[in-house]
Amino acid sequence: MVRANLLSVVMLMHAIVGLPHNARGLSMSYYMKSCPTAEHIVKNSVNNALQADPTLAAGLIRMLFHDCFIEGCDASILLDSTNDNTAEKDSPGNLSLRGYEIIDDAKQEIENTCPGVVSCADILAMAARNAVFWAGGPYYQIPKGRFDGKRSKIEDTKNLIPPSFNASQLIQAFGQRGFSPRDVVALSGAHTLGVARCSSFKARLITPDSSVDSSFVNTLSKTCSVGDNAEQPLDATRKYFDNAYFNALQMKSGVLFSDQTLFDTPVTRNLVNGYAFNQSKFFIDFQKAMRKMSKLNVKNSSQGEVRKHCRCLN
């Protein structure tokens, strides 16, 4: 199992970041009395799953982003479709999400210990954080106290970021949610884990793209020769959370257009170069941005509930 440098971990665990207005009600000690073992249970569920399949780390991080960017961090991504409603998870952009069973397992064990207390939204936020650390990235504390949303509709997923966005579009989309260009580049660094399917980057092979190294074009073309579902690692260390993603961008080997554009655009290029040179700086900025992400439009008790099962409403 990969672990972050101990000194970096200690520094990050003690970093203090204020809560934005929409995150009031969250607390680091939210479950201290009502369910003190919640964090431990989530950690064990994540670690056990990732020991069996390390590629699920990328899935959990991506799942949190796809949840928070739609209706806020309210576990709406976890709800199953019903006869009269098609949920977010069944939209084309979410069909490749993985790791739902990890959340289910953690929720079931927590319910056996502390029934009706810990929200699925908090479990997902903790699971994504633990996945980052398990893969070698920074550990960061996150406040708890989110409530689970009651809405999950496929039409809301139109707000997901497509892989065709350029840097200006990324900055605008994230900026509308309170993120800075630095946050955008740092969060994009999560692509140090996982893979992309050919369908998400094959357009770059059809139309000449000077931002891609010619030899890397051949690599992508070979991947796509198998079909749209063929997978290409997003960097050379797909199972390890490091700064190799930024090194790839410097070499014009970003898999997605929305990745490579960060190096090709002056306003974000210096950030890419900085993270490629200094992994510790990337880790520090990433954990700050992820903590901010995990507090997007959280629900309170009057807006949500604590689900008994993460896949359905109470």
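Every residue, even glycine, has its Cβ placed from backbone N, Cα and C.
The recorded disulfide partner of C198, taken from TrEMBL and restricted to C120, C224, is C224.
TrEMBL records a disulfide bond between C114 and C35, which is the match among C35, C68, C73.
Between C73 and the candidates C68, C120, TrEMBL records the disulphide pairing with C68. Cα-Cα distance from C73 (disulfide bond) to T192 (Ca(2+) 2 binding site): 23 Å (rounded to the nearest whole number). Per-residue pLDDT, averaged across the domain 'Plant heme peroxidase family profile' (25-314), gives 95.
The closest partner of C224 (disulfide bond) among the binding-site residues, by CA position, is D235; the full candidate set was G72, S76, E88, D235.
Only D74, S76, from the binding-site residues D67, D74, S76, E88, H191, D242, place their Cα within 10 Å of the Cα belonging to C120 (disulfide bond). When the binding-site residues D67, D74, D242 are compared by the number of other C-beta atoms lying within 10 angstroms of their own C-beta, D242 comes out lowest.
In this structure, C35 is the one among the disulfide-bonded residues C35, C73, C310 with the smallest number of other Cβ atoms inside 10 Å of its Cβ.
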